[in-house]
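Listed in Swiss-Prot:
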type	residues	note
ACT_SITE	His178	active site, proton acceptor
BINDING	Val16, Asp37, Lys42, Tyr68, Gly82, Ala83, Thr104, Ala121, Thr122, Asn123, Ser146	NAD(+) binding site
BINDING	Gln85, Arg91, Asn123, Pro124, Val125, Asp126, Asp151, Thr152, Ala153, Arg154, Thr231	substrate binding site
BINDING	Arg156, His171	beta-D-fructose 1,6-bisphosphate binding site
MOD_RES	Tyr222	phosphotyrosine
Amino acid sequence: MRFVGNRVVLIGAGDVGVAYAYALVNQGIADELCIIDIDEKKLEGNVMDLSHGVVWAGKRTKVRKGTYSDCEDAAMVVICAGAAQKPGETRLQLVDKNVNIMHTIVDEVMANGFDGLFLVATNPVDILTYAVWKFSGLDHSRVIGSGTVLDTARFRYMLGELYDVSPKSIHAYIIGEHGDTELPVLSSATIAGVSMRKMLEKDPELEPRLEKIFEDTRDAAYRIIDAKGSTSYGIGMGLARITRAILNNQDVALPVSAYLEGQYGEEDIYIGTPAIIDRSGIHRVVELEISDREMSRFKHSAQTLRAIKDEIFPVGE
């Protein structure tokens, strides 16, 4: 890889892209943010608005309208562009529309000499991250999807509300597809250092309460989309967290969409799992110790993604 500084190129300034840009600028994560969008007038307004807010941020981030030529020396290209999820529409139903959009974007990025990392947020994110990897020709460690970073945040937040403890003291992951087949990993989860597995053994009535929390986690996007049209702030902050881990070389475990090479008995798919993130991208995938029931649910999630992936990228082609 070759790049200078911490320039981030954001492609797509819709609700998610702008929320990410705001989080990035507000937290002072990048040196420079170049934004590309097909709506030039709205983009100009967003760039002005964000630039004025830099005065009160902790770090001076240069925000400007970008072009694909800015990708040449960028550390990261973050893709938030694509058709939006409509009320009642699953993430996987978006796939046909958005794969073609990814192909066009990635071709432009790579044609301009990009040699950094891709971070993909467009849904269905696991499938589209695989598509970006295929279209780019980069090593899979350099193509990352937002995965279950938002689902995990939602799950930890709701557990924190139940137990009246900070979500930062909760270590519990949502893994699998960022979508309807995702699953919680309770067998290795802890709350303030206390094993959730042991809590379940002591209190069998806890299981249905936790299942309800998981269902609320899984279905949160549908409720938010129905209420306000899109999800934006949570995923924007999740993307900013991944970006900070990369640019600051943090070697931190985050639940992202990562390429599997035998972990969990699966390979050649992108799927949500904890992974160690540093300046090089995905340093390694963390294979959690999960129960037989959790493994069965994970396999179902992987098979769901694989079926869609194989339709787009047939095996052997």
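Positions of Cβ are set from backbone N, Cα and C atoms, glycine also.
Sequence features, as recorded in Swiss-Prot, placed on the structure.
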| residue | record | contacts (Cβ under 8 Å, 6+ apart) |
| --- | --- | --- |
| Lys42 | NAD(+) binding site | Ala13 |
| Gly82 | NAD(+) binding site | Gly12, Leu94, Lys97, Asn98, Ile101, Met102, Thr122, Asn123, Leu128 |
| Asp151 | substrate binding site | Ile174, His178, Glu182, Thr217, Arg218, Pro255, Gly272 |
| Arg156 | beta-D-fructose 1,6-bisphosphate binding site | Pro167, Ile170, Ala172 |
| His171 | beta-D-fructose 1,6-bisphosphate binding site | Ala189, Thr190, Ile191 |
| Tyr222 | phosphotyrosine | Pro87, Gly88 |
| binding-site residues near Ser146 (NAD(+) binding site), in sequence order, restricted to Gln85, Val125, Ala153 and a 10 Å Cα cut-off | Val125
| Sparsest Cβ surroundings (other CB atoms within 10 Å) among the binding-site residues Thr122, Thr231 | Thr231
| query | Secondary structure at Thr122 (NAD(+) binding site) (DSSP, helix/strand/coil)? | reply | coil
| note | Among the binding-site residues Gln85, Thr104, Asn123, the one whose Cβ has the most other Cβ atoms within 10 Å is Asn123
| query | Whose Cβ, among the binding-site residues Val16, Val125, Ala153, has more other Cβ atoms within 10 Å than any of the rest? | reply | Val125
| note | Within 10 Å of Val16 (NAD(+) binding site) (Cα basis), scanning binding-site residues Val125, Ala153, Thr231, I find Thr231
| request: Between the Cα atoms of Thr231 (substrate binding site) and Thr104 (NAD(+) binding site), find the distance and write it as a whole number of Å. | output: 24
| remark: Rounded Cα distance in angstrom between Ala153 (substrate binding site) and Thr104 (NAD(+) binding site) is 31
| request: State the Cα to Cα distance, in Å, between Val125 (substrate binding site) and Thr104 (NAD(+) binding site), rounded to an integer. | output: 16
| field | Whole-number Å value of the largest CA-CA distance among Val16, Asp37, Lys42, Tyr68, Gly82, Ala83, Thr104, Ala121, Thr122, Asn123, Ser146, listed as NAD(+)-binding | value | 25
| request: Would you kindly give the Cα-Cα distance separating Gln85 (substrate binding site) and Thr104 (NAD(+) binding site), rounded to the nearest Å? | output: 20
